[in-house]
Amino acid sequence: MFDTSRHRQGARKAADFLSIYQQGFVRVAACRPTCRIADPAFNLEATLALAREGSDAGVALMVFPELGLSGYSIDDLFLQRALLDEVERGLLDLVSASCDLHPVLLVGAPLRREGRLYNCAVAVHRGRILGVVPKGHLPNYREFYEKRWFASGRDVRGEISVGGDPVPFGMDLLFQADDVDGLIFHIEICEDVWAPAPPSDFAALAGALILTNLSASNIVVGKADTRRRLCELQSGRCWAAYIYSAAGYGESTTDLAWDGQACIYELGAQIAETPRFSVDSQMVVADIDVERLQLERMRTGTFNEAAIANGMPDRRFRRVSFHLDPPLGNLGLRRHIDRFPFVPDDPARLDQDCYEAFNIQVSGLARRLEATGIAKICIGVSGGLDSTHALIVAAKAFDLLGRPRTDILGFTMPGFATSARTKLNAHALMSGLGVTAEEIDIKPLANQMLADLQHPFAMGQPVYDTTFENVQAGLRTDLLFRAANQRNALVLGTGNMSELALGWCTYGVGDQMSHYNVNGSLPKTLIQHLIRWTASNRLFDTNVTDVLLDVLGTTISPELIPQASEGESQSTEGKIGPYELHDFWIYYFTRFGLPPSKIAFLALHAWQDVGAGSWPPGFPEEQKRAYELGAIRAWLEVFLRRFFANQFKRSALPNGPKVTTGGSLSPRGDWRMPSDAPGQVWIDELRRNVPEGLDAVGEDLATQASTPVATEAKPIVR
Ligand SMILES: Nc1ncnc2c1ncn2[C@@H]1O[C@H](COP(=O)(O)OP(=O)(O)OC[C@H]2O[C@@H]([n+]3cccc(C(=O)O)c3)[C@H](O)[C@@H]2O)[C@@H](O)[C@H]1O
Ligand SMILES: Nc1ncnc2c1ncn2[C@@H]1O[C@H](COP(=O)(O)OP(=O)(O)OP(=O)(O)O)[C@@H](O)[C@H]1O
Ligand SMILES: NC(=O)CC[C@H](N)C(=O)O
């Protein structure tokens, strides 16, 4: 029988899971309506048209330009009562119209108070003015004359009467929703952010997570980039989001021109920007991850230190509370999520990342060799990705130090499951690079050890258990360490960060250990791309490049268990899951501390549709895959189980350079965690909050998919 109450529960769980407001996001909009100077009625209509659109899209906070109701460039007309009365009427009409709208609207208007005129931002929500914030820094240089008309709001705090009702007035206001965690915003006006120590600095230290700026900024050549840099730095330095909207078409061109730039930043990265120089109204909508901002502030003690150094600014701010009552259910995700957090889609950025990653590895190893005075290295060369990459890093490190590559001692050590293809590639690579190549067959030693252990394999039984695997991995490591003693060499490690996260390596006497590991902070997906990058940038000659390309095409495999048929290899990903998902988890779990359900939500938006969004440049067509929620949930649980169970392997890591900000699992480089912690809290959170599938919602998620508004919001790297 169909169990309706269970079905209802399932539907509710799915709806909650898909809701951005349940997942710690706040949807915001930077709006630039077309305007007419000194025409409040027209400007009101243009503002309302966007406000309705934003409300329909589930937006919580909409930022409009400075002096948007009057127009910014009206000069001495600011001092005309007819105009000021009409602006106030328009504002009151906007307040009435806002009763039917979801979002808080931040609009610009000139307002009178005690014989002075202020350049104000008015926060309007659901038929109420929440507060009015005056501009502090009035530009009065070159093309700006604001002090001719306006008083500075710097030292004023109190109330202002709008339409006869008193509302909070001052630059000391913070606005906070009582029903959406993290929706705390601050308002500043244009020049405020161009000054040293902008008001938003202190608002952020007082707790504001979303900083807004209502602007009117005439365009001159080069200025758009300056504005971007200001927003980028302000959002990065304040651990905040920054929403900026500057007036555009319709402002007076008597002496100036206007491009209308509106953009949204988070943690030092742009997530959305409107087209500029448009004659039509423009608006961009994006989802701010306020939860990530809160976690980042917690993680970085500097934020709190700065608050103390500035006398705990929260004591100086007044908080205005409001009830948002956000729209729930599936609103999609208005934010670009890279499928590969360590391999960005943006070609220029990816190229820069690869250049840096490769050179960090090379210089790390070069310095260790120079510092120790040890002439040689020993490395196990399997013909797989990791040892290939470590070997080319070593070749470049020896080149950098002017040492002969023949001092790199490469050992290929076939075992019970080594394939002809990888062995051939191992030899081709070593000879192409001009390193010293040796081959040691480990099978006799392994047979002896298995016999001594009375392992069934030694009795002729096809038992391929962990002992069988680790005997081979261990003997290879043993041989490398003893060869290093014998030949004055360092053992170069090859194990990557993804394997360390999953515990997919043999502890101690095994590939987990080395004298120095250049790959330990590199996720598998980045190693794959780095090899692609070295091949396409021709860092080595054609022979080597051809081998690199062939290695890229080989199945990822430990080659420890013999396969039923010739030419097949034991697939790592078939057993432990796709590295492309595991690297996704590593990034959001270890770098940001997001809960599993939110990581699954992000993964769904990144991975559900092969055709959506972009892929890293050069990513092979045939390897493009999609994952549905069931697979995401299952592989995330595998990750959590393995991650917790294998911390002991990370606690005892050899030295090696930290390469990426989201990526070091060394207890010295970044990640500290007890080796005996249980992972049940995380597994329970995943099971409780992530539905097994999406049938229960009966909605087509694809129609609500993430809207790529810009490239991934890579945070400022700390
Ligand atoms: N918390 C803890 N603190 C201290 N010790 C702990 C421990 N948990 C388990 N142990 C001990 O650790 C041992 C298990 O660890 P370990 O010996 O490493 O063995 P284990 O993790 O069980 O197996 C290694 C796995 O890695 C795979 N591998 C190996 C080599 C290369 C590759 C590759 O593709 O790259 C893959 C291999 O296929 C195998 O599945 C047990 O003896 C257990 O008693
Ligand atoms: N046949 C082999 N000869 C020499 N060394 C080996 C051999 N097999 C494994 N090793 C060593 O053990 C390490 C771990 O093996 P593993 O299979 O994880 O790595 P890989 O073969 O380099 O890459 P991938 O896992 O991507 O196939 C290798 O990087 C290499 O140093
Ligand atoms: N409205 C303003 O405060 C403008 C001044 C600012 N420097 C700009 O051009 O963007």
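Positions of Cβ are set from backbone N, Cα and C atoms, glycine also.
In TrEMBL, annotation is done automatically, which means it is predicted and not curated.
When TrEMBL records Asn470, Glu499, Trp504, Cys505, Thr506, Tyr507 as binding deamido-NAD(+), the matching candidate from Lys223, Lys649, Lys658 it lists for that site is Lys649. What TrEMBL records for the ATP site is Gly380, Val381, Ser382, Gly383, Gly384, Leu385, Asp386, Ser387, and among Thr253, Thr254, Thr494 the residue it adds there is Thr494.
Sequence-distant neighbours of Glu499 (deamido-NAD(+) binding site) (same chain, 6+ residues apart, CB-CB distance under 8 A): Asp386, Cys505, Lys524. Taking each of the binding-site residues Trp504, Tyr507 in turn and counting other Cβ atoms within 10 Å of its Cβ gives the largest count for Trp504. Residues Gly380, Ser382, Gly384, Thr494, taken from the recorded positions Lys135, Lys223, Gly380, Ser382, Gly384, Thr494, are distinguished by a CB atom under 6 angstroms from ligand 2.
Counting other CB atoms no more than 10 Å from each candidate's CB, the recorded positions Lys135, Lys223, Lys649 peak at Lys135. The binding-site residues listed here are Ser382, Thr506; among them, Ser382 has the most other Cβ atoms within 10 Å of its own Cβ. Close to Gly384 (ATP binding site) in the fold, though at least 6 residues off in sequence, lie Thr422, Val551, Thr554, Ile556, Ser557, Glu559, each with a CB less than 8 Å from its CB.
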